[in-house]
Amino acid sequence: MEPVTKWSPKQVVDWTRGLDDCLQPYVHKFEREKIDGEQLLKISHQDLEELGVTRIGHQELVLEAVDLLCALNYGLETDNMKNLVLKLRASSHNLQNYISSRRKSPAYDGNTSRKPPNEFLTSVVELIGAAKALLAWLDRAPFTGITDLSVTKNKIIQLCLDLTTAVQKDCLVAEMEDKVLNVVKVLNGICDKMMHSTTDPVMSQCACLEEVHLPNVRPGEGLGMYIKSTYDGLHVITGTTENSPADRSQKIHAGDEVIQVNRQTVVGWQLKNLVKKLRENPTGVVLLLKKRPTGSFSFTPAPLKNLRWKPPLVQTSPPPTTTQSPESTMDASLKKEKPAILDLYIPPPPAVPYSPRDENVSFSYRGHTKSKQPLPGRKGSESPNSFLDQESQRRRFTITDSDQLPGYSVGTNILPIKMRGKTPSYGKPRPLSMPADGNWMGIVDPFAKPRGHGRKGEDALCRYFSNERITPIIEESASPVYRFSRPLTERHLVRGADYIRGSRCYINSDLHSSATIPFQEEGPKKKSASSSAKASSGEPSLLVSWLTRLKLLTH
């Protein structure tokens, strides 16, 4: 590879054409000034201002790409794992010494000032830069396969985050320096541990460049490489596809960095411009790769399986049933290749409990209708959760009762039931003379004889029953002779028919307002009950109504 310092102005212009899209308007300015490779590596913010690159963000993009070229040109033969650890150790030690010497100065104002000096911030930036260079090595193969180095990498990342957070926090400079010192001490310990505990020769080996030719690429086949680009413009190969040109070459491995494509340096380029350069020559590609040292690790290519799904083979005849031992079954399963269907990602089931979708589903149960829209049939394209929606609608009609309820039926054209209008006294507060509890009635004995109704009793009832022309509550059974003994806990429940609500119920005589439990009736029974209600809903005398209520309460 030709050194960057030997580049001609044309090579510099060709390199700038692959940078970020926002930098393309400045390409002709580089061409007009005829900047060569040596001038490019020494370019600064002031030089970019003179070129017309006035925006700070655009200047930073150019300088980041130039930094990658400097690392490639000057650090290729010197950078290794050991040197990078030593650089990080030196940067952290320098920052620690700067803080200590500054605190010894008589002019130290860290306890009153909130603005750190520029030298302090510069040392922090240098420390983070050294850490990034080391992390770039730890994040590649073969170091990613070592557990200890992976843990160390995560610790360094966390310490760098703590360092940047401490510097950007609005606090006294002394507090900021205390936090930075804590981070620096931990970094020094990590560097010392890496230097003394690691004896593998891979720590001292440098990276190398290797040229790879991929000829005879068939149209539409592709190269079979998976490339990941970092935020600053490094392009790293993460794997290859089986039986692809990249895989057949046996020279492209996971962790290799793409430096040139067809003799054009692509460091710092956008990924889309790199892909365009790879497709420039359809017959073949020449790659220049930067390879990390392998050392004593078993470093082999990392092929990736084709992600296209292949359907499993259909069995025409059932396999013969033979008894096999667990050992033979395990060996056979290891020898067989895993079917492609097992590679598919199956999403997990919905969270429990399942919440049904709001759909207008009509169910008819013994004459009661919830909605008018019919239930849609199960289709092949629906998800399995659609059946759960139907089941959740069915569970709403489960009634806890001694009677066995038959199955439901789906209704399509069912007339809605006309609901009874509200009485004028609906929502009014109870009379002031009505006590809050039912203790005024005393304990009702179901085996006691009915009391006679005199004028005094009628006056007592007049205080508690309003004269609102409400249909009376008629007993279900007219013969009070046959009485069945109930448990003590059920003695205060009297079974009757509440025609105000339109259904049979259990009435608690100890309460001033009856709490009802809906009890669904048969169709014919309900029709007969409604007809009898119409017959008895004439206008009975007030005395009959009182007597009926009193007779019900005495049970």
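Here the Cβ of each residue, glycine as well, is placed from N, Cα and C on the backbone.
Per Swiss-Prot, compositional bias 'Low complexity' is recorded for 311-329.
Summarising the annotation, Swiss-Prot assigns domain 'SAM' to 7-72 and lists sequence analysis as the type of evidence.
Assigned with DSSP, the residues of the domain 'CRIC' (80-174) fall into helix, strand and coil as follows: 71 helix, 1 strand, 23 coil. The domain 'CRIC' annotation in Swiss-Prot covers 80-174 and rests on sequence analysis.
According to Swiss-Prot, the domain 'PDZ' annotation covers 211-293, on the basis of sequence analysis.
Under the heading domain 'DUF1170', Swiss-Prot lists 325-546. Confidence annotation: the domain 'DUF1170' (325-546) carries a mean pLDDT of 47 in the model.
For SER381 (among others), the entry in Swiss-Prot reads phosphoserine.
Per Swiss-Prot, phosphoserine is recorded for SER383 (among others).
Per Swiss-Prot, the feature region 'Disordered' maps to 308-333 (among others).
If you look up Swiss-Prot, you'll see 348-391 (among others) marked as region 'Disordered'.
As annotated by Swiss-Prot, region 'Disordered' applies to 518-538 (among others).
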Structural state census, the domain 'SAM' (7-72) (DSSP three-state):
50 helix, 0 strand, 16 coil
